[in-house]
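Notes for the one structure printed next.
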Amino acid sequence: LKETSFSIGLQVLFPFLLAGFGTVAAGMVLDIVQHWDVFKYVTEVFILVPALLGLKGNLEMTLAVVSRTANIGQMDTPKELWRMITGNMALIQVQATVVGFLASIAAVVFGWIPDGHFSIDHAVLLCASSVATAFIASLVLGMIMIGVIIGSRKMGINPDNVATPIAASLGDLITLALLSGISWGLYKELESKAYVNPLVCAFFIALLPIWIIIAKKNAATREVLYSGWEPVIIAMAISSVGGLILDRTVSDPNFAGMAVFTPVINGVGGNLVAVQASRISTYLHMSGMPGESSETAPRKCPSPCSTFFSSDVNSRSARVLFLLVVPGHLVFLYTISSMQGGHTTLTLIFIVFYMTAALLQVLILLYIADWMVHWMWGRDLDPDNFSIPYLTALGDLIGTGLLALSFHILWLIGDRDSDVGD
């Protein structure tokens, strides 16, 4: 509670930069694959991007339980270790499969409503791509994270300080690379082997009962299996709306330059607000249990002044996180430019509009986090388990919307680079 702004900044800086460079790599991948045939002719794949990237937050939330269990010594015997790993990995696969399937339905619906055109082949392709990507990405990332947690425990390192930055840096890149590769491969099979897509979809859905049975054997994961769906599904729906904005904008060749920046602005905003939500939740946990009345958990909606300009530790951390936005994004923009990524020259007016969008996104998210965490606490909900999926999904929606608006305004005022859409 006596942390200074400088110490808060030091604690956040390394994970922030590591996660940021991961989102830059993901943006570079999206910038390349947007020109592939599957993204050109089945543009609804863009709608899947934010929803599937949001699975990383579910993975972090679930594996936080494993990390906390390791810290309190409940994974010291091989039997306890195996039970905890299998239960949580099975839970992750259940969530990934269900969210992947629902995300594909949302993509089909959002793609069909504006155009009034429905293709059963494309719908099955979206389902197979989404479910396979969600399943494989969660399996790969889950195994990496479990290995990091166990290794950190054996080396005497706090897993919380290592596992989350690694998940943040690798999650977007691995998920986006898998989505691109799988959707491209399945698209290639549409003409000659149309049966491959429904078979892939059916295979992963058929595995669902196995993962449910395994997850139900563990008391901790059994509870989440029954009660933890609301934030995951609502967050997916919110992210899908952001995906619709991405689809309608990037599909226009004049705005192809937006693709490389979308994972960056969304990833940075989501990571910063997740840190703030976690810090506020920890602060509240120090004063009691969720639902208990406390001076630290006011029920009324906070004012912007109390969120950003008061003297308490949460307001101080909000200011520090907000101040990281501009230098952080400048580093990431320079990295993209030096790697010759994107289709947009980094002119001064573009940087001004981009930074305005990024600052406004984080400002809104930090204020919502202050309200949401306290609101959930007052209603006997643990903010660690409920707030972060909502906040990161809102980050996707707000970030994509503001970035699309910036590109449209730049186009209208005449800032049209010769290489935009090249």
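Placement of Cβ uses the backbone N, Cα and C atoms for every residue, glycine included.
Keep in mind that TrEMBL annotations are predicted by a computer and have not been checked by a curator.
Feature annotation from TrEMBL assigns transmembrane segment to 12-33, 45-66, 87-111, 123-150, 162-182, 194-214, 226-246, 318-336, 348-368, 388-413. Among the features that TrEMBL reports, domain 'SLC41A/MgtE integral membrane' is placed at 49-182, 262-405.
Ranked by the number of CB pairs under 8 Å to the transmembrane segment (123-150), the listed stretches 194-214, 226-246, 388-413 are led by 194-214. Distant neighbours of the transmembrane segment (348-368): 261, 265, 268-269, 272-273, 276, 302, 304, 307-308, 318, 321-322, 325-326, 329-330, 333, 391, 394-395, 398-399, 402-403, 405-406, 409-410, 415; these residues of the same chain sit at least 6 beyond its ends, with a Cβ under 8 Å from one of its Cβ atoms. Looking at which of 12-33, 87-111, 194-214 has the most CB pairs under 8 Å to the transmembrane segment (162-182), the answer is the stretch 12-33.
With DSSP classes pooled into helix, strand and coil, the tally for the domain 'SLC41A/MgtE integral membrane' (262-405) is 108 helix, 0 strand, 36 coil.
Residues 39, 49, 53, 164-166, 168-173, 175-177, 180, 184, 259-264, 266-268, 271-272, 275, 320-321, 324, 328, 331-332, 335-336, 339, 341-343 of the same chain lie 6 or more positions beyond the ends of the transmembrane segment (12-33) yet place their CB under 8 Å from a CB of it.
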